[in-house]
Amino acid sequence: MKTVYKDIFSAIDSGKKLLAILIDPDKFAVESVPEFITKVNASVATHIFVGGSTVEDDATHILVEAIKTYTSLPVVLFPGDVTQITPKADALLFLSLISGRNADYLIGKHVASVSRLRGTNLEVIPTGYLLIENGKETAVQRVTGTNPIPRIQIENIVDTAKAGELLGMKLIYLEAGSGAVHPITSEIITSVKTELNIPLIVGGGIRSKEQLQLAYNSGADMVVIGTAFEQDELFFNDLSN
Ligand code: 1GP
């Protein structure tokens, strides 16, 4: 059953805030899965995202297979490349990097992924992905060869997100970049949320419960956190159920 998007939508509709823990197969040993996922299960996390900017072939497949053994949370692919698509996951964020003008990341990679998606049961969720400047160069910027939208260009950010919605995308993801110095500001989140009728995801550089709450209060429906857990798993203690 492909219910990941429907469940996100109805959770938000009933006022729930969502939290995705991001696991980068390039930085995560499969042997760590049982202990790490036990902590995820005991936390307020609602989703597990798997993906990274540069990942070896098969690493995602092996990791997702292991994760699925230990959790009933939805496992959602957040791929940096087509090689990270595995039918073992529940859903795929079909990311279109609408903040940039690199045709490969607007449509090219998507065409290349179709042969991998054919015959799988993966739920494909079209997602408008916006990279916002955060104070340092990010891996997304480097890999995709695109520039982030400057943080002060709020109207441009809002219009880009809205254009994504009008194109039929089901989610908008505001990305400051993994390990960002500055997370997406409240002003940006609120301005975008006000215009959207689809769920808003925010990620990049969120390292504390206070920053998480601020993102929620500003209008984020789902927050994605990766680096904070990679650096210190004690952060799970702040987010226990
Ligand atoms: C990165 O938005 C995610 O794509 C999460 O960022 O690793 O900084 O939490 P962090």
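Cβ coordinates are placed from backbone N, Cα and C, and glycine is handled just like the others.
Taken from TrEMBL, the feature Mg(2+) binding site applies to Asp24, Ser53. Sequence annotations record features per position, and here TrEMBL assigns sn-glycerol 1-phosphate binding site to Tyr173, Leu174, Glu175, Ala176, Gly177, Ser178, Gly179, Gly204, Gly205, Gly226, Thr227.
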Got a sec? Which of Asp24, Ser53, Tyr173, Gly179, the binding-site residues, have CB under 6 Å of any ligand 1 atom?
-> Gly179
For Glu175 (sn-glycerol 1-phosphate binding site) and Ser53 (Mg(2+) binding site), determine the Cα separation and express it in whole Å.
-> 13
What is the separation, in Å, between the Cα atoms of Thr227 (sn-glycerol 1-phosphate binding site) and Ser53 (Mg(2+) binding site)?
-> 13
Report, in whole Å, the straight Cα-to-Cα distance of Gly205 (sn-glycerol 1-phosphate binding site) from Asp24 (Mg(2+) binding site).
-> 15
Taking Gly177, Gly179, Gly205 as the binding-site residues to compare, which has the smallest set of other Cβ atoms within 10 Å?
-> Gly179
In three-state DSSP terms, the structure that Thr227 (sn-glycerol 1-phosphate binding site) belongs to = helix
Distance from Ser53 (Mg(2+) binding site) back to Gly179 (sn-glycerol 1-phosphate binding site), taken between C-alpha atoms, in Å = 13
Greatest CA-CA distance (Å) over the residues Tyr173, Leu174, Glu175, Ala176, Gly177, Ser178, Gly179, Gly204, Gly205, Gly226, Thr227 that the record ties to sn-glycerol 1-phosphate?
-> 17
Integer Cα-Cα distance in angstrom, Tyr173 (sn-glycerol 1-phosphate binding site) to Ser53 (Mg(2+) binding site) = 16
